[in-house]
Every structure is written in structure tokens, then in C-alpha cells.
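Peer 1: Submitted below is the structure of interest, expressed as C-alpha cells.
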Amino acid sequence: MDKIIVRGGRQLSGTVKVEGAKNAVLPVIAASMIASEGKSVLHEVPALADVFTIKEVLSHMNADVSFKDNTVTVDASKPLKTEAPFEYVRKMRASVLVLGPLLARYGHAKVAMPGGCAIGSRPIDLHLKGFEAMGANVHVGNGFVEVQADGRLQGAKIYLDVPSVGATENIMMAAALADGKTIIENSAKEPEIVDLANFLNKMGAKVVGAGTETIRIEGVERLHGVEHTIIPDRIEAGTFMVAAAITGGNILVKGAELEHLRSLVSKMEEMGVKIKEEEDGLRVIGPKRLKATDIKTLPHPGFPTDMQSQMMALMLNAHGTSVITETVFENRFMHVEEFRRMNAKLKIEGRSVIVEGPTTLQGAEVAATDLRAGAALILAGLTAEGYTRVTELIHIDRGYVNLAEKLASLGADIERVSDKEKISVG
Ligand SMILES: CC(=O)N[C@H]1[C@@H](OP(=O)(O)OP(=O)(O)OC[C@H]2O[C@@H](n3ccc(=O)[nH]c3=O)[C@H](O)[C@@H]2O)O[C@H](CO)[C@@H](O)[C@@H]1O
Ligand SMILES: C=C(OP(=O)(O)O)C(=O)O
């Protein structure tokens, strides 16, 4: 089992380039299956475990997929299978994003029903409600969800009870080939939704309003493969921004888009961090003394839940009491227990965590409970006394490419070791 071992105390400086966004590339690769003619060529694709999983899913479906030098090519013009077995959904919940494209193109799709995970129960009822409104029959049983339509889906007006990212994406993809107009109300507004809409539109779809709370999709007869560049990963960018802030360092995060990061930037500025927009990214300069603040996670443009645990690491180093309230997922505080192993003073009260800072964090053996929690433990390790050993890297590898190597290139005392190798530090 691999571990990342980090010794705290170094100030980080230099430049790091952000990869393409995991949460944009997964739906875009799924959407490439709708194209019944031509190839899609996707650039800036990060070499993440999740990308390899969705590539396997598409290959299983009979699409021709290749991945080389951050470019994925998908040719889905041959007839596709419409079932994805459990092994893929187990590895990655985003596998449910094949439902919309397959339903649109073939009127049928079947995938294993995703279970809960470390951050919450994560139902897909809103995805299914959308498909049903468009005329599909939904059957859930024996651990599978199957959706079936007689002929083309029908455009419909769909109100989402919560602005779910995945439901918005799945419905948008299904509606791209539906008969007539679909209106999604209370849709998610994340930048990744806009990227998917742009991709669909290049393929010949008619989607307007992505990035606002009402998306309108006029169905078309068919879509074709196109070339597309994935947007930068705002969560990876945010993770490096916290690395600069937590170590009192100075990092240029190349490719970070201010427009996608406004809530994070404003909270970090409240904490005393200097953030400047430069031509090719954001420069982040950590202060000598971080100030406490409060955050509440919300759908975009509110504060992203995927940055909550990294901010907790930062708040542990800030002077005063900070409060974090998690409203998106009901159980995204598994990292609290791990931070406590590092001497953190944290109290959970319902959906909030009270963070007493600053704490002298102590290195310890800790486990990544989800991908962002793993990144947050590494960030905490950058300021802890002694060695922090982070295990369960399988989670981190889902969402970060070479995180330890990139932090090392910025001056961190960090390395990734496998149990088979001789551990040279600690
Ligand atoms: C691959 C991907 O893009 N993952 C992101 C996506 O996940 P994902 O698309 O799964 O997240 P959603 O936006 O759907 O979930 C938000 C909330 O809605 C609830 N819900 C969702 C669907 C549904 O049918 N019913 C329902 O109740 C969820 O349980 C959760 O409490 O958005 C999350 C919220 O920004 C991010 O943390 C994830 O990184
Ligand atoms: C929760 C996340 O991803 P996923 O939805 O793929 O589990 C994340 O990226 O932080």
C-alpha cells in the first residue's frame, strides 16, 4: 500500500500548472458517446484514476477510446452496448453519467445502482425524475437501475429540488436528442456544467442558459464528434492556493480561473492571504499570521464542498475560532477524526465544525477518507511537527495527478513511497 510522507516546516514557492478538471472531463467523456458519427478529441485531460475508469466504461460499451499525452479520442460511431456493470460504478459514482447519453441515443440504459459513500448517501432520484418526466420508464431492482423509452424521449419541464450537478448533466445530455424543448429549472450552475453545455453545442446540440438556474435544451436529430479542451480544475487550483497560504509561501497557480474561484478567493482574502490575478493564473502569497473566518458550503457560486476539508487545514493554522458549515453533503466530516490524530482542536456540532486555531499540529499516521480529505491531510502535514504519513491514496489518485511530486517541486519535504520500497524518511 502506497503512502505519502510529508515533513512540515517548509515554505512553498514557485509555479504549478493546473490540470484539466476531473468534474468536467467525466461528463464530457460520457457525452462523447452520444455522437453517432465522427470522433471526439478532448485536450487537457488529466491522467486520473477516474479518467481511466470512465475510459474502461466506454470501451466496455464498445466505443473506441484512446488516451495519450493528455488527449482522449473517442469514436462511438459503432453500435454501443447499453449496460455498465457494478465494478465500474463501485470504483466511481460518476459512472451513472452514462445513463443520459445512452438513453438519448438508444432509448435504453442500465447501470448498477450507486450506493452511498464516505461523504453521504448520494441518491440519484433527481436524475431518474428527470428521465421519467421525458417519458422514460425507470426500474430499480436487483441492485440495478434501468431506464427505457419507447421511441424518442419527449422534451419536458423539470424542476430540480436541489441544484444537483450530476442530475443537471444527465438530464442535459438526455434532452440533447429528445423531441422538443426541455427546460431544467433550479439547475446547477457550476463551471463544469457550462463546459459540458459548450461541448454539446459544438457537437450540434442546442443548449442555452448553462451557468444560470434555467437551462433550455431544444432536442436535435443527432450529434457528431468534435474537438474540445477541458476547463482547468478549480479544486486542484484551490488546493495549491491553500498550500501557498498554509506555508506562508508564494505560488503562481498557472491556469487558475478567478471567475471559477471567487468564493474561495474572497474567504482566503478574509484570512489575510494575498491573491493577485496575473496573465497566466493566480499568484497566492501566504501571510505571517492567518486570521480565522467562517465558511458555509453551498452550490456554485457558493463555497464549494470540494474545498471544505482543505479550508479546515488552513483554519487550524489561523488565529481564532472558525466555523465550517457543510450543507451540500450530510456526512462530509470524516477527516475531522484524522485531523484530531494530528492534535487538532475540532468540535462537531450538527452540520458544523468549530475549529480552534492556531494548533501546533503533530505528524501522525492518517488515512485519506475521501479524495479532498486526503489532500487536506497532506496540506496539514506541510505545517505539522515531524512526519505525517497519509494512507489510502486510492482516494487521492481519483482526483489529483502527482500531488506529492508537484508539492515537492514547490519545495515541500514530501515523497510517495510504496511498502515495497525502503522508506527513506521518518
Ligand atoms: C463527478 C462530479 O462532478 N462530482 C461533483 C458533483 O457530485 P454530484 O453530481 O454527485 O453531486 P450533486 O450536486 O448531485 O449532489 C448535491 C446534493 O444533492 C443531493 N442529490 C443529488 C442528486 C439526486 O438525485 N438527489 C439528491 O438528493 C446529494 O445527495 C447531495 O446532497 O457535485 C458535488 C457537489 O458540488 C461535488 O462535491 C462533486 O465533486
Ligand atoms: C466528491 C468528489 O468527487 P465524486 O463526485 O467523483 O465522488 C470530489 O471531487 O471532491
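Placed from the backbone N, Cα and C atoms, the Cβ positions cover glycine too.
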Peer 1: Quick check on the annotation: TrEMBL has Arg122, Pro123, Ile124, Asp125, Leu126, Asp306, Val328 binding UDP-N-acetyl-alpha-D-glucosamine, so which of Arg93, Arg152, Arg283, Arg351 does it put in that site too?
Peer 2: Arg93
Peer 1: From the recorded positions listed here (Lys22, Cys117, Arg122, Asp125, Leu126), select those whose CB sits under 6 A from an atom of ligand 1.
Peer 2: Arg122, Asp125, Leu126
Peer 1: Where does Asn23 (phosphoenolpyruvate binding site) sit by DSSP, helix, strand or coil?
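Peer 2: Reduced to three states, the DSSP call for Asn23 (phosphoenolpyruvate binding site) is helix.
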Peer 1: For Lys22 (phosphoenolpyruvate binding site), what residues in its own chain, 6 or more apart in sequence, show a Cβ-Cβ distance under 8 Å?
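Peer 2: Looking at Cβ-Cβ distances below 8 Å from Lys22 (phosphoenolpyruvate binding site), excluding near sequence neighbours, one finds Pro46, Leu48, Asp50, Val51, Asp233, Ile235, Glu236, Arg398, Gly399.
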Peer 1: When you measure from each Cβ to the nearest atom of ligand 2, which of the binding-site residues Arg122, Pro123, Asp125, Leu126, Asp306 fall under 6 angstroms?
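Peer 2: Checking each Cβ against ligand 2, the ones under 6 Å are Asp306.
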Peer 1: Summarise the model confidence on the domain 'Enolpyruvate transferase' (6-407) as a single mean pLDDT, whole number.
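Peer 2: Taking every residue of the domain 'Enolpyruvate transferase' (6-407) together, the mean pLDDT is 97.
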Peer 1: Using the structure shown, find which entry in Asp125, Asp306 (the binding-site residues) has the sparsest Cβ neighbourhood within 10 Å.
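Peer 2: Fewest other Cβ atoms within 10 Å, among the binding-site residues Asp125, Asp306, is found for Asp125.
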Peer 1: Could you check the recorded positions Cys117, Ile124, Val328 and say which one's CB has the fewest neighbouring CB atoms inside 10 Å?
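Peer 2: Among the recorded positions Cys117, Ile124, Val328, the sparsest Cβ neighbourhood within 10 Å belongs to Cys117.
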